[in-house]
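Written below as structure tokens is the structure these notes are about.
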Amino acid sequence: MSSNYRNFRNNVPWLILFLEAVFIVLFYFVSSDDGAPISRIYPAFQDVNHMVIFGLGFFLMFLKRYGFSSTGFNLLIIALGVQCFMLIEGLLVFLLPSENEDSLTRITKATMSMTAVVISTGAVLGKANPVQLILMTVVELIVFRMSRWMNTTFLQVPDGIGMMHVHLFGAYFGLAVSSRFSEPSPRSEKNASTPKSDLLSMLGTLFLWVFWPSFNSVLVVHEKSKAICNTYFALAVSAVTAFVLSVLTTKDGKFRMAHIHSAVLAGGVAVGYTANSIEYPWIAMILGLLASVITILGSYCVQRCFNPALKIHDTSGVHFVFGLPGVLGALAQVVLFLINNWPTLPSLGYLVTIRIGAFCLTIAAALITGLITGFILNLKLFKTPVSKYFEDQFYWEVSCNVKL
């Protein structure tokens with residue numbers, strides 16, 4: 001048994017047990033409120049839970065020798081992260097004057113907030129060990145909640161829109177953390193996929209595609225049906241566009257699974273900010289088309305120019321899957337706000353600045369805290385040997401009969 005494995009065995013279970021004990025003790029002091037009837041929000045909560053557990057879990061399962069870790073660690077950090085977020089919410093209710101929501105709504109927001117963490121995990125997939133992932137989860141949840149609080153308190157951003165910043169925050173926090181991890185050799189055969197792993201990853205994409213309208217509408221109070229329909233139309237057009245561009249941008253004129261895997265979700269990300277305020281479906285459809293184009297064309301630019309220049313290795317491509325469509329959606333919100341309020345043009349300058357400042361604040365908070373978190377995670381105390389990247393066998397009992 002290697003010394004590295006002994007360190008893993010001595011650190012991980014005790015850290016998890018310590019955190020769970022702390023959560024149980026602190027939950028003793030957190031009040032619970034039954035609140036609204038369960039039938040009002042529980043179906044949408046189920047959809048969001050399916051997205052985060054099944055959808056994102058399988059979505060990250062494309063590495064041929066990291067399948068156990070992709071799905072297993074995803075479940076671990078979500079289970080711990082939701083509890084952590086509930087305690088953060090309880091502390092904010094105690095310290096700050098805010099509306100005390102029912103428990104199911106808070107759990108739903110906690111699960112949605114975990115989307116940011118899972119997206120960030122995709123940027124360091126295969127390179128971060130469980131201890132690093134757990135520490136990153138705690139830090140990211142705290143910072144993301146504080147960025148939402150600053151947006152809603154100082155910039156008067158509705159909380160529903162503030163939650164949609166989850167894609168932006170997760171992508172750029174993950175990129176900043178990834179910049180502090182050493183880049184693996186491009187020739188490493190473990191940093192690759194197989195047709196079987198790509199198929200399982202595409203299964204996650206299908207889960208996300210089906211349940212995304214619930215994600216964009218679960219916190220919407222008014223015009224919920226409009227949010228659902230606009231999200232569906234944006235997703236539909238982004239999916240069709242992905243197939244078209246996939247054929248046009250490949251040398252042999254064939255569909256490429258990597259394009260479909262990433263771009264079909266772009267419309268759901270981009271339309272999240274404006275799903276309940278878009279009056280006509282064709283606007284959502286145009287947004288879905290642009291998002292898909294940006295994702296596929298951006299993947300070439302990001303992978304060939306941006307990442308090498310900044311020495312970033314983005315394992316799952318979260319920048320062009322979630323980050324760029326998120327920026328498009330934030331800008332689209334500003335443009336639609338200008339169009340809808342054009343008659344009151346003299347008074348728009350301040351309001352437009354506020355809306356631009358909101359997503360700039362989110363990105364800045366993600367990048368700064370992500371860099372700091374990356375430095376901390378790469379201290380010798382937490383670091384994993386580079387030779388153990390993209391490898392299930394270091395963490396999991398794998399049968400000798402299983403072909404990796």
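Glycine too: its Cβ is placed from the backbone N, Cα and C atoms.
The annotation domain 'Ammonium transporter AmtB-like' is assigned in TrEMBL to 21-382.
Summarising the annotation, TrEMBL assigns transmembrane segment to 12-30 (among others).
TrEMBL lists 42-63 (among others) with the feature transmembrane segment.
As annotated by TrEMBL, transmembrane segment applies to 75-95 (among others). Through the fold, the transmembrane segment (75-95) approaches residues 16, 19-20, 23, 26-27, 29-31, 52-53, 57, 106-107, 109-111, 113-114, 117-118, 121, 130, 133-134, 137-138, 141-142, 145, 149 of its own chain, all at least 6 residues removed from its boundaries and within a Cβ separation under 8 Å.
Per TrEMBL, transmembrane segment is recorded for 162-178 (among others).
Look at TrEMBL and you will find 199-220 (among others) tagged as transmembrane segment. Long-range contacts of the transmembrane segment (199-220) within the same chain, counting only residues at least 6 positions beyond its ends with a Cβ under 8 Å from a Cβ of the stretch, are 41, 43-45, 47-48, 50-51, 54-62, 67, 108-109, 112, 115, 159-160, 163-164, 193, 227-229, 231-232, 235, 239, 257, 260-261, 264-265, 268, 271-272, 275-276.
For 232-250 (among others), the entry in TrEMBL reads transmembrane segment.
Residues annotated as transmembrane segment in TrEMBL: 282-306 (among others).
TrEMBL lists 318-339 (among others) with the feature transmembrane segment. Within the chain carrying the transmembrane segment (318-339), a Cβ under 8 angstroms from the stretch's Cβ atoms is held by residues 119-120, 122-123, 161, 164-165, 167-168, 170-172, 174-175, 262, 265-267, 269-274, 277-278, 283, 287, 290-291, 294-295, 298-299, 302, 306-307, 348, 351-352, 355-356, 358-359, all 6 or more beyond its ends.
Sequence annotations record features per position, and here TrEMBL assigns transmembrane segment to 351-379 (among others).
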Highest-contact recorded stretch vs the transmembrane segment (162-178), from 12-30, 232-250, 282-306, 351-379, CB pairs under 8 Å: 351-379
Model confidence over the domain 'Ammonium transporter AmtB-like' (21-382), averaged pLDDT: 90
Chain residues in Cβ proximity to the transmembrane segment (351-379) (below 8 Å; excluding those fewer than six residues from its ends, i.e. six or more beyond): 120, 128, 132, 135-136, 139-140, 143-144, 146-147, 150-151, 155-157, 161-162, 165, 168-181, 327, 330, 333-334, 337-338, 341
